[in-house]
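Engineer: Below is a structure I'd like to ask you about.
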């Protein structure tokens, strides 16, 4: 239905355009009439004797106008027809592609897109039309009116942008720039049916435009990136170079289509567009408020390029004498351009090899993109002659730092120019300034300006309160900025005293220590000065970041006149240490042949197809080669070789163009191709067919060879050398590696001749091995998603051939991929779209080729060295019972097993950076199944046998004979058969066989021996070995198991389940820490998929917890052993079990190394570590700037009494409490009844940002029944606490008569080391607070990035995954993702950790917070063993699929409180004593007097049990003491919570007996209100643990 409606909606013209027209009589008469009408003016001109010259001139003008008009209409019609008709021909596609830039046609990283024409016209494009109408009327029209006095009355009367939307046909993302922005290049193509009418009222003239073509490359910069919606702060757009503009004029402006005038008209409009949208002008669209738009519109340059124009050679001679009889030379000079910056060198008379020696400096705003253009001219009195030009992308200079090379001039017969270009980086510091100034003094140039040492960027923002003009009129201010002799002017702001310019100006600074910035604010007439300002550049040298961003008072102006300027200085630094040292190497180009070229020499007006006379032009490194012409041949054979010496520099390319040689007119174009030099260098040698672009068909056969000066051998050379030494009787050649090919899909295939879509199948061939895909249904974009594996004998010579055909009969296209190309790729993987030879230009196939290079066992190599007589793969003693089996896997994986994940992470990050925009429907890379490339190569070497049974008996068995043995080896469905060894019971075969296998449970290698006979072969024996392993499990013990529901301890038993095998341990006696010490073993079929489950229960009925251990975790452990405590799920947080799991090879198990190496790359998810640089900017800053504020509210003094009695006649007291507020969080202390000097001893903690400007507010109140009375307030700035880190002082209460509060404020430093953790935990035990607060030991920051391979819901749908993070009593929830089994959150959280040794983080995943998906338990103590206390990796999810994992980063920061250092000093505040106070004692032993001396100094913070306080004393007792003879006590101190005693007690006690004594210290209350003496607190001290000889004094 949709298809029908789209057809009926087409334009009538468009529908009828492609229909063939027949010949009719009316058409013949009409043609005759037109010819007669055309000849009539000629007849009349002759009749009236008009001048022939005038007639010829008129005919030439008419012919030129007609030709330009028809060509433009044809372009517009073809473009519009292409936009509407989806079934366009390949010719049209080639034409469109020819107009695309080179990076869109050839760059594989550039994504080609075509936005839907159905969305733009109906939704977006009308609003674009409104914006364009506003742009034309308000911006471009005033610019045109200002350009000419004759156009002052011009106006736009109609602006209709039509329904043909602008298209983006190519997008390229640049990843080499800074990470705070996104840089995109968009190739814009607009072929619109626009209609714009213009009227010039002064001349009563109406004109218009009907149809516009605009093509160009627009750069879009998304910056700054912010941590909030909409993520991007602003969008900046501009054209790096002027776009191509083609306008179809109507009305009177038809005259503008006359050649000459059309260039003038289009250029005027292009100048208006360039004034605000071509670099360095930028269009900035802010998306969030508060941005500095002026700095976005004029950002700091990317760098500065210093250009040394040195010399030229072999320039063309233009100055001839005696009318050309005598050949002269030229007077050359050069013009250099970088964007709007233009420089002209001096001219040198009468030479073809000028030496200029001049230096120029240009500001580079955008790289890559901006180019250096050099044009050379011959100076003449009248018109200068052109001598050639060359271009260079400045991105190459940035990569190489310095480029010193000869550049061949183009568009001329001969000539080259010598340039040295240096990239000067911008440094925000003056560290290198002195070195730069000294270096610049040594630079000698012939230009007037010396080298610059810095650039100065002046952002002119605005001014205020400028003085009025004479007559009290408002001025129209503008600004002149001067540095030395360079002056620049700003725009003029009309009639205002508060102008806003928002412009930026850049100056080169030769010596910032001596130069000044002179600023003059003037009226528009440049006569009256409104103010002046002079800023020494040296002032910026001492400022932060070399910038001044402030208001400046204007001199010679009003008293309040000021100007706001931001000046930024950047030092120019040439990094000579990192200059790319290009090495000269030879580059060989073999031009062999062409095929299926386009015929250009047609006969009889094109009715008869002819052939072509092709030749090729090759350009490389500034040198051009031209092949010989092959006459009349569409499949020419040249067989020519060219050699060029190159310096290896970034960005160089090989250009090849093919032409048809014609005698009379210009040679016809037959196609081109472009090859990046880097690709050739990487592959060293390339022999393949290259498809010509910009034509319908044709390809060239080239052999390209890079001959470096130094060759390096790698692992492949060792493998090939090893293989070359092997010799087997069956002539087998060992494989050097495995090539895994995953063919996913194709795109843009040509249709059949009948017009139908093809049924496409692909045949993949490597050597003598061929594989075929399935044949897809009819489509030009088939999808196969099939994987194949090939054995590679020599990766340097083998080639992979992919042939696409229709039902295996009609060829469609082919692809040749030399395997050596993979050797230069990361991880030997090539994953991209490839162009098909022999198909349409847009035909491509998407495949992944992955090479695994064999790694031969080092043991065998050692045996070869130690025993030269033994075969390299032979064991020292062997028999048929143990045939050697090798596993050949990737050498990359075997070198460093521990680095596999890191390498995989690097690869996937590169893939993410190259991933296309979501608007692109075609994927950039393949997405193979997880089992792709999991195969391994089993190499079996059948060496020999011994003592075989004799079967060939003679004389009816009376005489023992021998046997003719041979072997049959079976692996799965593959069977090998050895040679027959005649009459030998100890045969030696020495044969090798290889088979590619994918790991499967229960696979076996079967070896059978037979005796060869004429009739039936006799059986000699067999051997079979399974492919498997044994898992040995030792269950030792558990601890901290939960109690039963009845409250009793459990009778714990453990059940171990592995596949269908289950074991049970014994049931232990009642205990929370049972011990089993039992061992079990299990048969492992597939270690990648199987897992061990341990279930604990009480007497097999009440579950106590469980553990799931995937066997694949052992593959990454040393010696395949895991021996540790493991947390139990479903139990207490501290419940753990201690077990040892050990994996042992058994039989011929070779899949372990395959699983650990080959499988790791495809099976690993898209990232190995969390991408912290992908945090939103705000999140990154806050993540690292979080800190802990700890507030100790100790006591108060002299508070105001608010509870008065008898109407205020009797003074009472107060019931004080404190409210603490910061950042929206409020803490409230407990109430102390009737006390003007209360002691709270409470502690509060809060996590805050280090950059916070908040205040901590304290308010004291008296608790009343009705309304609480105010007791005072004060506040403390947080940044002062952060600066001091620890403050202990009394603070005076404000707004009241009296009162003070005693506080300890800590900003606790964070450290990434666990060295002081024990002391931090000790601090917790030594301190006690009345509000039961426990000091935090650490902060745990968790960044939850993503998960992958989550299980589907029970309904079969993908889950809406959310994650809940729990640590202690703190719980967070992430956002809930859309339906996906690979959700991404990118959220971070923090937790307060009291005890890192016992607490654990719990992550629970669920769908819609209802259906559990899986969970993860991460003990915090695991981070203590990690470097920098950071764990950043993929973790397996329990209770989910085996492959389900979650990627998170957990970072632990230990809180290193200053109070830790107070422990040893004995000055620790808030020290605990059973929570009831502290007592200070001195313990020592007098050796001469043989006495134990105890001094009771004081008590503090005693627990008050009444409003009257306590009457306390200290009682001492040496235990054991049944008679209490050692009991001693101090005096009673009345109503004092901090009493001081200072009493000494002595005990007559030998030193030897002190080891067996325990000192019991009791603080008691002697209040008369109690019958018995109440004990406030008690502590017992083991004297054996105290150094009595030295003496100890402690609280």
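Easy rule for this one: first residue shown is 1, then count along the chain.
Glycine too: its Cβ is placed from the backbone N, Cα and C atoms.
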Engineer: For which of the residue intervals 843-870, 871-898, 899-926 does TrEMBL record region 'Disordered'?
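Structural biologist: Here TrEMBL associates region 'Disordered' with the stretch 899-926.
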Engineer: Looking only at the domain 'C2' (715-834), what are its DSSP counts of helix, strand and coil residues?
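Structural biologist: Helix, strand, coil within the domain 'C2' (715-834): 19 helix, 55 strand, 46 coil.
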Engineer: Within the domain 'C2' (437-564), count helix residues (DSSP H, G, I), strand residues (E, B) and coil residues, in that order.
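Structural biologist: Per DSSP, the residues of the domain 'C2' (437-564) fall into 12 helix, 57 strand, 59 coil.
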Engineer: Mind looking up the mean pLDDT for the domain 'C2' (1475-1595) in the predicted model?
Structural biologist: 82
Engineer: Where DSSP helix means H, G or I and strand means E or B, what are the helix, strand and coil counts for the domain 'C2' (287-407)?
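Structural biologist: Its residues fall into 12 helix, 57 strand, 52 coil.
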